[in-house]
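**Q** If you scroll down you'll find the structure; I have some questions about it.
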Protein chains: 6
Amino acid sequence: MTEPGRPSGRAADALRRVDIVTGFARHAEGSALIRMGGTEVLCAASVEGRVPGFLRNSGQGWVTAEYGMLPRATHTRGDREAARGKQSGRTQEIQRLIGRSLRAVVDRAALGEMTITLDCDVLNADGGTRCAAITGAYVALALAIKKLRAANVLKGDPLIGQVAAVSCGIAVGVPVLDLDYAEDSGAEADANFVLTASGGIVEIQATAERATFDEAAFGVLLGLARIGTAALFAAQQAAIDAA
Amino acid sequence: MTEPGRPSGRAADALRRVDIVTGFARHAEGSALIRMGGTEVLCAASVEGRVPGFLRNSGQGWVTAEYGMLPRATHTRGDREAARGKQSGRTQEIQRLIGRSLRAVVDRAALGEMTITLDCDVLNADGGTRCAAITGAYVALALAIKKLRAANVLKGDPLIGQVAAVSCGIAVGVPVLDLDYAEDSGAEADANFVLTASGGIVEIQATAERATFDEAAFGVLLGLARIGTAALFAAQQAAIDAA
Amino acid sequence: MTEPGRPSGRAADALRRVDIVTGFARHAEGSALIRMGGTEVLCAASVEGRVPGFLRNSGQGWVTAEYGMLPRATHTRGDREAARGKQSGRTQEIQRLIGRSLRAVVDRAALGEMTITLDCDVLNADGGTRCAAITGAYVALALAIKKLRAANVLKGDPLIGQVAAVSCGIAVGVPVLDLDYAEDSGAEADANFVLTASGGIVEIQATAERATFDEAAFGVLLGLARIGTAALFAAQQAAIDAA
Amino acid sequence: MTEPGRPSGRAADALRRVDIVTGFARHAEGSALIRMGGTEVLCAASVEGRVPGFLRNSGQGWVTAEYGMLPRATHTRGDREAARGKQSGRTQEIQRLIGRSLRAVVDRAALGEMTITLDCDVLNADGGTRCAAITGAYVALALAIKKLRAANVLKGDPLIGQVAAVSCGIAVGVPVLDLDYAEDSGAEADANFVLTASGGIVEIQATAERATFDEAAFGVLLGLARIGTAALFAAQQAAIDAA
Amino acid sequence: MTEPGRPSGRAADALRRVDIVTGFARHAEGSALIRMGGTEVLCAASVEGRVPGFLRNSGQGWVTAEYGMLPRATHTRGDREAARGKQSGRTQEIQRLIGRSLRAVVDRAALGEMTITLDCDVLNADGGTRCAAITGAYVALALAIKKLRAANVLKGDPLIGQVAAVSCGIAVGVPVLDLDYAEDSGAEADANFVLTASGGIVEIQATAERATFDEAAFGVLLGLARIGTAALFAAQQAAIDAA
Amino acid sequence: MTEPGRPSGRAADALRRVDIVTGFARHAEGSALIRMGGTEVLCAASVEGRVPGFLRNSGQGWVTAEYGMLPRATHTRGDREAARGKQSGRTQEIQRLIGRSLRAVVDRAALGEMTITLDCDVLNADGGTRCAAITGAYVALALAIKKLRAANVLKGDPLIGQVAAVSCGIAVGVPVLDLDYAEDSGAEADANFVLTASGGIVEIQATAERATFDEAAFGVLLGLARIGTAALFAAQQAAIDAA
C-alpha cells in the first residue's frame with residue numbers, strides 16, 4: 001500500500017522518523033523530547049503532593065497537561081500567549097485532550113493524592129504536534145511513575161495501560177498516516193486517534209476540512225492509526241527501558 | 001432494539017422530544033430556540049457586511065459561532081464567564097466545533113464577503129448542549145440566508161448541505177442515543193457526531209470516559225447517530241418551512 | 001392624560017403589556033421570565049449556603065445580582081462580554097443597582113448566612129431592561145424564599161417588602177411612563193425609579209440627556225412611576241400566587 | 001436650621017470648608033485641586049485633537065472622565081486597580097457620572113472634533129469624592145477651554161452652563177448637606193445631586209441605604225442641594241477668575 | 001565644576017531644589033510628598049499585620065512598593081493603567097526597584113510579621129521619578145516605623161540604614177547630576193544609583209542610551225551620585241525630625 | 001586567582017562550560033541554543049517587514065525581545081505565564097533588558113523599516129538565564145542579519161558591535177564570575193554586566209541582596225565581567241563562523 005504522490009515521498013502507511021530522548025528537562029521527575037520528522041515537543045512530568053480542590057480527601061490523584069508552542073516554532077512567528085495574556089482556544093483544546101488521554105491509562109486511586117502535570121512545549125512544529133505531545137507525555141509520565149516507585153513513594157503501579165496518538169487524513173483523495181504540515185494544510189479530512197497498546201480506543205477527533213467523508217473512509221483511517229501506533233508503542237517502550 | 005434500563009425509560013435508539021421554535025430572538029436575521037428534552041438552546045444568526053482580516057479581499061465569507069451558558073442553566077449555579085473575565089476551555093472548544101460544523105455546509109464564495117455569527121446560548125441544560133446548538137444553529141443560519149436571498153442581497157444559495165448533531169454513548173455497557181445529563185455523567189464513553197443529510201461525516205469526537213471501547217462498539221454508536229440525525233433533519237426542515 | 005404623539009400610541013401614563021412566566025429556568029430555586037413589551041429578561045434565583053468573606057460569622061445573609069445581555073438581544077449584535085474578557089461599566093452599574101434594590105426588601109438577619117444570587121439575562125431588548133430585571137428578580141427571589149420556607153430551611157420570612165422598578169422620561173417635551181427603545185433613544189431626560197409597595201423610595205436615577213429639567217418636571221415623573229409600579233406590584237403578586 | 005447632633009458639629013445645611021487650587025497639575029491644559037473638608041481630589045483636563053470612532057467626521061467633540069483613588073487615600077489601604085488589572089464597578093460608575101455631568105454643560109458642536117479628558121484622582125478621601133470630582137472637574141474644564149480660546153484654537157465658547165455636585169443624606173433621621181465619611185457610612189439614605197447654576201437638574205442618584213424615604217424627605221434633600229451648590233458655584237467662579 | 005550648557009543652568013554637580021512635605025496622605029501611617037524640581041511624588045506607607053504566604057510563620061516582615069503615575073503627570077496624557085487593565089513593564093520594574101531598595105535598610109526579623117507597603121504615586125513628572133520615589137519612600141517608611149515604635153507595637157528598631165537615590169547621566173558628553181526630563185530624553189547614558197548614608201551601594205542601574213561608556217566615565221557618575229545623595233540624606237533627616 | 005570554596009569547584013574567574021548550537025529553531029531566520037553549564041536558552045530571531053507605530057515612516061528599524069521560561073525549567077515547577085494570563089514583572093524586566101542590549105549594537109537606520117524579534121526561551125535554568133539569553137540572542141541576530149545580507153535584502157551592515165553579558169557576584173565574601181543557581185541564591189550581591197567587544201559598557205544592573213558593597217568591590221566585579229565576556233565573544237564568533 002504505497003502512494004507515490006505524498007510530498008514527503010513516504011508510503012501512505014509510513015510514519016515519519018521517530019526519536020525519543022529522555023531526561024532533556026533536567027529538573028523534571030520524567031521528561032521526553034520527542035521528534036516526529038520536523039516536529040519536536042519537549043514533554044516534562046512534574047509531581048506535586050496535592051490535588052485540585054474537587055479531589056481533596058478523595059484518595060484519588062490527578063493527571064493534567066499544559067501545552068504551549070514557542071513563538072517561532074512555526075514558519076512565521078506567532079504571538080507569545082503569555083504576552084497576549086491568554087491561551088488560544090486551540091491551545092486549551094489540545095491540553096485538555098492530552099490530559100484526558102493520559103488519565104485513560106492511570107488508576108487514580110493507586111496514584112493517591114498527588115498531581116502529575118505534563119508540560120508539552122513545541123520547540124519545532126511540522127504538523128501533528130498534539131499527537132506527538134501525547135506520545136511523548138506518556139513516556140515522561142511513565143518515567144516519573146518509575147521514579148516514584150523506585151523511591152517507594154508509590155507502592156502499587158498506577159499505570160494501567162500504554163497510550164499513543166497519531167494523525168491520519170485524506171489527502172488528494174488518499175488516506176494517509178502521520179501528516180506533516182504541508183500535507184495537513186491541504187488535506188480534505190484530518191483525524192487524530194488516541195489508542196492503547198491493548199487495542200482500546202481512547203479518543204477520536206475526526207474533522208472534514210474540505211469534503212465530508214463516509215464510514216468506509218473512516219474505517220481506513222482507523223486502520224492506518226493502528227499501524228502507526230504499533231510503531232509508536234515500540235518506540236515509547238524502548239525509550240523507557242533505556243532511560 | 002430497546003433497553004429497559006435507561007433512566008429516562010427511552011429505547012436505546014430513541015431521541016428525546018425535539019421542538020424548534022423560530023423567531024424567538026426578534027432582532028436576529030434568523031433564530032431558533034431548540035429544545036431536546038430538558039435542554040434548551042437559543043440560536044441567533046447575525047449578518048454583518050464585513051469579514052475577518054484574513055479574508056479581506058478574498059471574495060469569501062465567514063461563518064462563526066459563539067457559545068455560552070446562563071449561570072443557572074445547570075443544577076448548581078456556575079460562574080458567569082463575563083464576570084470571571086474569560087471563556088473556559090470547554091466553551092471555546094464547543095464554539096469552535098459549532099463554527100466548523102456549519103462551515104462544512106456553506107459555500108463561502110457564494111456567501112461573498114459577509115460574516116454570519118451564530119450565537120448559541122444555553123437557557124436550560126440537561127446534556128447534549130453542543131449537539132443541540134449545532135442542530136439549532138443550522139436552522140438559524142438557513143433562515144438568515146433565506147432572508148438575505150429574499151432581499152436579493154444574495155443571488156445564489158451558499159447553503160450546500162444540511163447538518164445536525166447528536167451525542168451517543170455507552171451507558172451500563174449498552175450503546176444508546178441522545179444521552180441526557182443523568183445518563184451522560186455516568187457513561188463509559190461519549191461520542192458526538194456531526195453528520196449531513198446526504199450521508200457525509202463532518203466531525204466525530206469520541207472519548208472513553210471510564211473504559212476504552214473498540215471498533216465494533218464505535219460502529220454501533222455511529223449507526224445510532226445516523227438514526228438520530230435522520231429525525232433531526234426532518235425537524236429542522238419542518239421548522240424552516242413553517243417560518 | 002393622553003399624548004397622541006408617543007411612537008407606540010400609548011397614553012403618557014400607560015405601561016407596556018406585562019407578562020411574568022415563572023419556572024422558566026428549571027433548575028433555579030425561583031425564576032421569572034418577564035416581558036414588558038418587546039423587552040424580555042430571564043431572572044433566576046440561586047441559593048447557596050455561604051456568604052462572602054465580609055459577612056462570615058455575622059449571622060447575616062447576602063443578596064446580589066448579575067446582569068447580562070445576549071449578544072443579539074439588540075438591533076445590531078453587540079460583543080459577547082465573556083469573549084471580550086470583561087463586563088462593561090454599564091453592565092456593572094446595572095447589576096449593582098439590581099442587588100441594592102432587592103436588598104432593600106430583605107431582612108438579612110432573618111435570611112441567615114446564605115447567599116441568594118439573582119441572574120438577570122436579557123433575551124430581547126427594547127428599552128427598560130434594568131427596570132424589568134428588578135421587577136422580575138423580585139418574583140424570582142420571592143419564589144426562592146417561598147421554597148426555602150416550605151422546606152423549613154427558613155423559619156421566619158426575610159422578605160420585608162415588595163419592590164418594582166419602572167423608567168419614566170421626558171420625550172418631545174412630555175413626561176411619559178415606561179419608554180421603549182425608540183422613545184428612550186430620543187428622550188430629553190430619563191429616570192429610573194425603584195419603589196416599594198408600601199410607598200417607599202428605594203432608588204432614583206435621573207439623568208438629563210439633552211436638556212436639564214426642573215423640580216416640577218421631576219415631580220411629574222415620580223408621579224408616573226407611582227402609577228406604573230402599582231400595576232407592576234399587582235402583576236408580580238399574581239405571578240407569585242399562581243406559581 | 002441646625003442639627004446639634006452632626007459628628008462634625010456643622011449645621012444641617014452647612015458645607016464643609018471648600019478650597020480650589022488651580023494649576024496643580026503643571027502639564028495639564030487646566031487643573032484644579034479641590035478640597036472639601038478632608039476630601040481632596042486632583043482634577044486635570046487634557047485636550048487631544050481627535051475624537052472616539054463613533055464621532056469621527058461628525059463635527060462634534062467629546063468630553064469624558066476617568067476616576068481613580070490612590071490606594072492609601074482611605075482609612076485602610078485599598079487595592080491598586082492597576083495592579084488588580086481592572087477598575088471596580090464603583091470606579092466605572094463614578095467616571096461615567098462625571099463624564100455625563102460635564103457633557104451637560106458643553107456644546108459639543110462648538111467644541112469641534114476634540115476630546116477633553118478629565119482625570120479625577122482622589123488623593124485623600126473623607127466622603128463625597130464623586131461630588132468633589134465633578135465640582136473640581138468643571139473648573140479644570142473651564143480653564144482648559146479658556147486656554148484654547150485665548151490661543152484662538154476655539155472661536156466660540158463651548159461652555160454653555162456651570163455645573164457642580166453635592167451629596168445630601170438622611171442621618172439619624174435628619175436631612176443633612178455634604179456628608180463626610182463618618183456621617184455617610186451610617187446614613188439611612190444618600191443622594192448625589194448634579195445641578196446647574198441656572199437651576200437645571202442634570203443628574204440625581206438617590207439610594208435608600210437602611211430605610212426607604214418618601215417624596216417629602218426627598219424634597220428636603222433637593223432643597224439642601226440647591227443651598228450647597230450655590231456656594232460651590234461661587235467658589236468655582238472665584239477660582240477660575242483668579243487663575 | 002560647572003557646565004554652562006545644562007538646559008536648567010545648573011552646575012554639573014547641582015541637584016534640583018528638594019522639598020519634602022510630611023503628612024500629606026492623612027490616613028497613612030507615614031507619608032511624604034517629595035518635590036525635586038518639577039517632579040512631585042506622593043509616598044505613603046501602609047502597615048498591615050500580616051505577611052505574604054512565603055513568609056508566614058517565618059518571624060520575618062516584608063517591605064514592598066507600588067508605583068503609579070497619574071495620567072496627566074506628563075507632558076502629554078498617558079493611558080491610565082487601571083483602565084488598560086495592566087501595569088506596564090516599566091511600572092513593574094520601578095516598583096520592584098523601590099521595594100528592593102528599602103528592604104536593604106530594614107532588618108526584617110526586627111520588623112516581625114508585618115507588611116509595610118510604600119505607595120509611590122507621581123503627581124507631576126519632570127525626570128527622575130523613580131529616584132524621587134525611593135528618596136521619599138524612605139521618609140514615609142521611617143515615619144511609619146517611628147509611629148509603630150511610639151505606640152510600642154515595635155520594641156526594637158528595624159531601620160538599620162538610610163537610603164536615597166539619584167540619577168546621573170552623560171549629556172552632551174558631560175557627566176551631570178539629577179537630570180530633568182529635557183536633559184534625560186537626550187542623554188547618551190543614564191544611571192540610577194541607590195546608596196546608603198554609611199557609604200554602601202544598594203543598587204546601580206546604568207544604561208547606554210545612545211553611546212556606550214567606559215569605566216572612567218562610570219566612576220565620575222558614581223562620584224556625582226555620592227554628592228547628590230549626601231544632600232538628600234540631609235533633607236530626609238530634616239523632614240523626619242520636623243514631622 | 002582561585003577560590004576553593006565555590007560549590008562548583010570553579011576558580012573565581014572561571015566561566016561555566018559554554019556551548020552554542022546554531023539552527024536549532026528550524027524556521028527562524030537565525031537561532032542559537034546556548035548552554036552555560038546547566039542553563040540552556042533557545043534564542044530565535046524572527047524578521048518582519050514592518051515596524052511598531054512609533055517608527056512608521058521614520059526609515060528606522062526595531063529590535064526587540066521576548067523572554068519566557070518553560071514551567072519545568074526550574075527545580076520546582078512554576079506557573080505557565082500564558083495560563084496565568086500575564087507575564088511577571090521579572091519576565092518583563094528581563095525582556096526589556098535583552099532588547100535594549102541588542103539595540104546598542106544595531107544601526108537602526110541601516111536596518112531600515114524592519115523588526116527583528118528575539119525570542120529567548122529558557123529550556124533549563126541553573127542561574128544566569130538573562131545573561132545567557134543576551135549572549136545567545138546576539139548570535140541569533142547576527143545570523144539573521146547575515147541571511148538578510150546574503151539575500152540582498154540588506155545592502156549595508158546594521159550590526160555595529162558585538163555584545164555579550166555575564167553575571168558576577170559576591171559569594172561568601174568573595175567576588176566570583178558566572179554564578180550558578182546554588183551560588184546565586186546565597187550571594188550577598190549580584191550584578192549583571194552587558195559589555196561590548198570594543199570595550200563599551202552597555203548596561204550594568206547591580207543589586208545588594210544581603211549586604212551593601214562599595215566602589216572597590218564593584219570594580220572587581222566589573223573586572224571579572226571583562227574576563228568572562230572576552231571568552232563569550234570568542235564563543236559567539238566561533239558559532240557564527242561555523243553556521
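Each residue, glycine too, has its Cβ placed from N, Cα and C.
Source: prediction; values computed, not measured.
From TrEMBL, for reference:
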type	residues	note
DOMAIN	B:15-144	domain 'Exoribonuclease phosphorolytic'
BINDING	B:Arg90, B:Gly128, B:Thr129, B:Arg130	phosphate binding site
DOMAIN	B:162-216	domain 'Exoribonuclease phosphorolytic'
**Q** Over all shown protein chains, what is the count of other CB atoms within 10 A of the CB belonging to B:Gly128 (phosphate binding site)?
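**A** Taking every protein chain into account, the count is 28.
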**Q** Tell me, if you would, which residue among B:Arg90, B:Arg130 (binding-site residues) has the fewest other CB atoms within 10 Å in the structure shown?
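**A** Counting other Cβ atoms within 10 Å of each of the binding-site residues B:Arg90, B:Arg130 gives the minimum at B:Arg90.
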**Q** Can you work out the mean pLDDT of the predicted model over the domain 'Exoribonuclease phosphorolytic' (B:15-144)?
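**A** Reported value for the domain 'Exoribonuclease phosphorolytic' (B:15-144) is a mean pLDDT of 97.
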**Q** Near the Cβ of B:Thr129 (phosphate binding site), how many other Cβ atoms are there if near means within 10 Å?
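**A** Result for B:Thr129 (phosphate binding site): 24 neighbouring Cβ atoms inside 10 Å.
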**Q** Other than B:Arg90, B:Gly128, B:Thr129, B:Arg130 themselves, what residues in this chain have Cβ atoms within 8 Å of the centroid of the phosphate site's Cβ atoms?
**A** B:Tyr67, B:Ile94, B:Val122, B:Ala125, B:Gly127, B:Cys131, B:Ala132, B:Ala133
**Q** Work out, from DSSP, the number of helix, strand and coil residues along the domain 'Exoribonuclease phosphorolytic' (B:162-216).
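**A** When I sort the residues of the domain 'Exoribonuclease phosphorolytic' (B:162-216) into the three classes, I find 6 helix, 30 strand, 19 coil.
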**Q** Tell me the coarse DSSP state (helix, strand, coil) of B:Thr129 (phosphate binding site).
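**A** The residue in question, B:Thr129 (phosphate binding site), is helix (DSSP, three-state).
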**Q** If you run the three-state DSSP split on B:Arg90 (phosphate binding site), which class comes out?
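**A** In three-state terms, B:Arg90 (phosphate binding site) counts as helix.
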**Q** Helix, strand, coil residue numbers for the domain 'Exoribonuclease phosphorolytic' (B:15-144) per DSSP?
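**A** Its residues divide into 45 helix, 41 strand, 44 coil.
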**Q** Would you give the longest CA-CA distance, in whole angstrom, between residues of B:Arg90, B:Gly128, B:Thr129, B:Arg130, the set recorded as binding phosphate?
**A** 13
